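Below you'll find the structure, written out as structure tokens, and then a few comments.
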Amino acid sequence: MNDRPWQDLLAESVTSADELCRRFPVARKTVLPVIDQYPMRINPYFLSLIREPGDPIWRQAIPDPAELEDTLPEADPLAEEAQSPVPGLIHRYPDRVVFLVSSQCALFCRHCMRKRQVGKSNAMKPGTVDNGIAYIQETPAIRDVILSGGDPFLLSDDHLIEDILKPLRGIPHVEILRIHTRIPCTLPQRITEALVRRLKAFAPLYINIQFNHPAEITPNATQACARLADAGIPLGCQTVLLKGVNDSPVVMRRLMQKLLAIRVRPYYIHQGDLVKGTGHFRTSVREGLDIMSALRGHTSGMCVPQYMIDLPGGGGKIPLLPEYVIEKRHNEWYIQTFDNRIVAYPVSNEGRRRN
Ligand SMILES: *Cc1c(COP(=O)(O)O)cnc(C)c1O
Ligand code: SF4
């Protein structure tokens, strides 16, 4: 199964309540209203990673009635739509944009921050690609373009390369291209040799992947990442902190170590956004900080990402760090080590000058 063409695997995805109920002990009447609001798609590769009901793979893939009972009110708390000068292009920061070029994915993640849009047939306005490219062309301040969605790798090779990557590469002020994707994790068969050969031409092109659990680092995922890395494409990971999936220092540390071993550099751990329909995945910020304390010093610094919260209203991403500075005196700070000792550090040289 795991070496079949990705198009066949995608076509065999579980998308209806009846198919889901045939495979798993879930009630049709609890699934139907959920997938009516937020579509389901579970391709057979990702489905094969489920070991038992409620496990970390299950929680990311199987619709949960809690999605409809959520008390979080906002479908778009980060004000992405208000910060879109043209549909599908979010321009929040001075020099970079997020360009939503697809509304389709190989898995509709139950925790998706764009669940208001993904998988919905009307999510992509006609002309999105052309209007987005025209805006980028007319805006010389943009030097970094992030293709996202949905998943850009759900587009055909030709459409992604000829209609999107090539025109963007032709714009002189666009220095950096990035693709944000879950494909190497959710349907690694999509990373074909033919695709990688064509992507190679667009350097500097960075690919950031969302892996959320060590069980996602399979032989197939490892091969997909190896192909990309062998083509000289730097890989990063943007993990989402999710209750019941990876909200534990032991699980998160193992994930970060395994990512580094497949040449994927952990970039961000995201605090879950306040998106309607995802409240059952939310952890406290304290738990996120505890995970960061359990990484720094305890394992390779190369696999310690930054812990980010994305502020409501479009305030942007801000990194949070555990409090390492315990006390600030006049010219000495008391700093906590990773193994909980306190060490004094001279922060100014006033003392020295007086001597
Ligand atoms: C996350 C994000 C970016 C990219 O942020 P980096 O910190 O540069 O990775 C750009 N624009 C928007 C709207 C984003 O949400
Ligand atoms: S792959 Fe990304 S965009 Fe698609 S459903 Fe999952 S989190 Fe959302």
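Each residue, glycine too, has its Cβ placed from N, Cα and C.
Predicted automatically and left uncurated, TrEMBL annotations should be read as such.
Because the structure is a prediction, the values reported are computed rather than measured.
Taken from TrEMBL, the feature domain 'Radical SAM core' applies to 91-312. Computed over the domain 'Radical SAM core' (91-312), the whole-number mean pLDDT of the model equals 97.
Same-chain residues at least 6 positions away in sequence with a Cβ under 8 Å from that of Cys109 ([4Fe-4S] cluster binding site) are, in sequence order, Gln60, Ala61, Arg182. Annotation source TrEMBL lists [4Fe-4S] cluster binding site at Cys105, Cys109, Cys112.
Following the DSSP three-state reduction, the secondary structure of Lys317 (N6-(pyridoxal phosphate)lysine) is strand. The N6-(pyridoxal phosphate)lysine annotation in TrEMBL covers Lys317.
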Cβ packing number for Cys112 ([4Fe-4S] cluster binding site), 10 Å threshold | 23
Given the recorded positions Cys105, Lys317, which one is most crowded in terms of C-beta atoms within 10 angstroms?
-> Cys105
List the other residues in this chain whose Cβ sits within 8 Å of the Cβ centroid of the [4Fe-4S] cluster site residues Cys105, Cys109, Cys112, in sequence order.
-> Leu107, Phe108, Arg110, His111, Arg114, Lys115, Val118, Gly119, Asp151, Arg182
Restricting the recorded positions Cys105, Cys109, Cys112, Lys317 to those with Cβ under 6 angstroms from ligand 2 leaves Cys105, Cys109, Cys112
Could you check which of the recorded positions Cys105, Cys109, Cys112, Lys317 have their CB within less than 6 A of ligand 1?
-> Lys317
